[in-house]
Amino acid sequence: MAQFEDVILKSALHSKPKGLTLQYGTAGFRTTAKHLDHVMFRMGLLATLRSKRTKSTIGVMVTASHNPEEDNGVKLIDPMGEMVTPDWEGYATQLANAEQDALCTALKDIIEKESINMSEKASVFIGRDTRPSSESLAQAVLDGVSCLGGESKDYGLVTTPQLHYMVRCRNTHGCYGTDTLQGYYQKLSHAFIELTKNAQNHTDDQKRLLLDGANGIGALKMREMETFFQSALQVALFNDGCSGKLNHLCGADYVKVHQRPPQGMVMDPGQRCCSFDGDADRIVYYFNDSAGCFHLLDGDKIATLISTYLKELITQAGLNLQIAVVQTAYANGSSTRYLEDIMKVTVCCTKTGVKHLHHAAQEFDIGVYFEANGHGTVLFSKQAEEQIQELAQNPNVSDEKKCAAKLLKNTVNLINQATGDAISDMLVIEAVLAVRGMTVQEWDSIYTDLPNRQLKVKVSDRCVIDTTDAERRAVTPAGLQDTIDTLVKKYAKARAFVRPSGTEDVVRVYAEADTQESADALAHEVCLAVYNLAGGVGEVPKPLK
């Protein structure tokens with residue numbers, strides 16, 4: 001086969017370092033950029049095979065999200081803008097780790113297993129973030145695509161969610177939107193402007209938002225999008241990439257982990273602020289109160305704000321649609337109690353990882369999912385979208401119902417259902433606050449987070465920990481869950497769980513309780529239990545000071 005001869009020739013220019021082994025996980029491949037050239041070439045090959053197999057356009061995004069600037073990574077995007085399926089994650093790992101002389105054999109194995117017709121056309125969309133290494137790594141992907149006769153469209157610098165959006169637009173033949181940046185900006189800004197027309201007495205002060213762009217691609221794209229907002233939103237951009245380093249002392253992950261504002265942002269008391277991560281698929285909000293105390297509004301608070309807004313509109317519209325919030329075990333217990341007990345919203349808990357949340361959200365008419373780190377979106381079933389559309393166009397319904405339906409329709413258009421999208425999520429949050437006439441302080445006061453603590457314990461083999469009940473209970477090793485249950489009973493409003501890391505030999509520990517002192521003590525005691533019962537290595541966990 002001439003194609004395989006081309007693969008052999010080109011792969012020599014993107015050779016794999018001997019003995020290097022990588023694993024395709026939820027975030028795709030991520031490691032030091034210098035180790036990724038061969039992986040990128042091979043993901044170009046795999047994306048072409050996936051395109052031939054699905055007869056659809058596939059996306060390849062070159063990014064390492066919130067990782068340091070020296071790292072890079074790659075993830076594949078399936079036809080509806082979702083993550084690639086688990087089987088193909090396995091193929092990605094297999095192909096990336098094949099030694100140079102076994103590459104064609106690995107390719108032929110995938111072609112045979114998936115019964116791929118190699119004469120089928122292939123289409124691959126490629127995007128990259130602002131890392132210095134991204135341009136050459138994206139070229140390696142393009143080389144891989146061309147080797148197997150695939151057609152490629154290089155979007156250059158885009159956020160990860162924008163590439164997901166483009167792939168979905170192309171495969172829905174324009175029904176979801178136009179697969180250009182202009183199309184993305186126009187769709188979202190139009191929906192945002194239409195929504196905020198419903199805001200009462202919306203002053204310039206209330207329209208002002210401070211945005212930390214993590215010195216990444218999100219800052220670049222927000223600059224491009226600013227003119228589309230007209231006067232509906234006034235964004236003051238910090239960490240825009242002009243001088244700082246990507247994700248260094250800034251970005252959503254930094255703010256969430258360190259519970260403090262990013263470097264370079266000057267905040268007045270009560271000023272509404274938010275941070276994107278490096279590839280703009282996560283967002284968190286925050287403010288300083290009049291006493292100078294920092295308040296973080298993470299993914300739990302975002303999910304609560306959006307789901308309660310949607311539930312109110314569904315009720316006003318008289319639509320019979322089930323709305324649910326999908327959480328992981330990391331969701332703060334206060335958010336779960338507020339949603340279930342006060343708002344009477346269905347809450348579903350699933351394993352950690354966006355793909356699990358996305359899949360669970362698809363089971364409902366309207367599924368809202370956000371990880372605590374600020375990565376999430378809202379999914380609407382086809383039936384839900386049709387009902388909203390019909391009601392918005394029905395001339396025989398009351399003004400109240402029609403108004404609610406129009407708000408819902410524009411909210412659907414504002415949300416990037418393909419994946420978590422910091423720009424889209426920011427606009428949804430800004431619109432909800434404006435329409436409801438809420439301040440960021442009022443949003444924060446919906447419920448009070450229980451104090452919590454996350455720690456990790458080094459172990460010789462993370463696989464000794466097996467979990468069930470959406471990772472909330474440990475099945476093995478014997479005696480660990482019983483010990484955790486006994487420890488939890490010592491504290492008020494307490495819970496704790498352990499789960500193995502997906503990438504390293506550590507066990508992650510989460511604990512929450514009625515006070516920070518109790519949460520810290522519980523987390524430490526659970527760490528000791530893990531160390532003693534699950535093969536801890538290194539220093540014995542010490543109490544938190």
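For all residues, glycine too, the Cβ spot is worked out from N, Cα and C.
Fair warning: this is a prediction, and the values are worked out from it, not measured in the lab.
Annotated features, as they stand in TrEMBL:
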- 53-89: domain 'Alpha-D-phosphohexomutase alpha/beta/alpha' (DOMAIN)
- Ser65, Asp277, Asp279, Asp281: Mg(2+) binding site (BINDING)
- Ser65: active site, phosphoserine intermediate (ACT_SITE)
- 114-172: domain 'Alpha-D-phosphohexomutase alpha/beta/alpha' (DOMAIN)
- 180-284: domain 'Phosphoacetylglucosamine mutase AMG1' (DOMAIN)
- 298-436: domain 'Phosphoacetylglucosamine mutase AMG1' (DOMAIN)
- Glu371, Ala372, Asn373, Arg499, Pro500, Ser501, Gly502, Thr503, Arg508: substrate binding site (BINDING)
- 476-527: domain 'Alpha-D-phosphohexomutase C-terminal' (DOMAIN)
Annotated stretches the domain 'Alpha-D-phosphohexomutase alpha/beta/alpha' (114-172) and the domain 'Phosphoacetylglucosamine mutase AMG1' (298-436) touching (3 or more Cβ pairs under 8 Å): yes
Please tell me which one of the binding-site residues listed here (Glu371, Asn373, Pro500, Gly502, Arg508) sits closest to Ser65 (Mg(2+) binding site), measuring Cα to Cα? Asn373
Among the binding-site residues listed here, Asp279, Asp281, Glu371, whose Cβ has the fewest other Cβ atoms inside 10 Å? Glu371
Least crowded of the binding-site residues Ser65, Pro500, counting other Cβ atoms within 10 Å of each Cβ, is Pro500
Same-chain residues at least 6 apart in sequence with Cβ under 8 Å of the Cβ of Asn373 (substrate binding site), in sequence order, are Ala252, Asp253, Lys256, Arg282, Val284, Asp298, Gly299
So if I draw a 10 Å sphere around the Cβ of Arg508 (substrate binding site), how many other Cβ atoms end up inside it? 20
Across all the protein chains here, work out how many other Cβ atoms are within 10 Å of the Cβ of Asp277 (Mg(2+) binding site). 33
Give me the count of other Cβ atoms within 10 A of the Cβ belonging to Gly502 (substrate binding site). 13
On average, what pLDDT score does this prediction assign to the domain 'Alpha-D-phosphohexomutase alpha/beta/alpha' (53-89)? 95
What does DSSP give as the helix, strand and coil breakdown of the domain 'Alpha-D-phosphohexomutase alpha/beta/alpha' (53-89)? 6 helix, 14 strand, 17 coil
DSSP-wise, what's the residue breakdown of the domain 'Phosphoacetylglucosamine mutase AMG1' (180-284) into helix, strand and coil? 40 helix, 16 strand, 49 coil
Write down the Cα-Cα distance for Glu371 (substrate binding site) and Asp277 (Mg(2+) binding site), rounded and given in Å. 14
Taking DSSP helix as H, G and I and strand as E and B, the domain 'Phosphoacetylglucosamine mutase AMG1' (298-436) has 80 helix, 19 strand, 40 coil
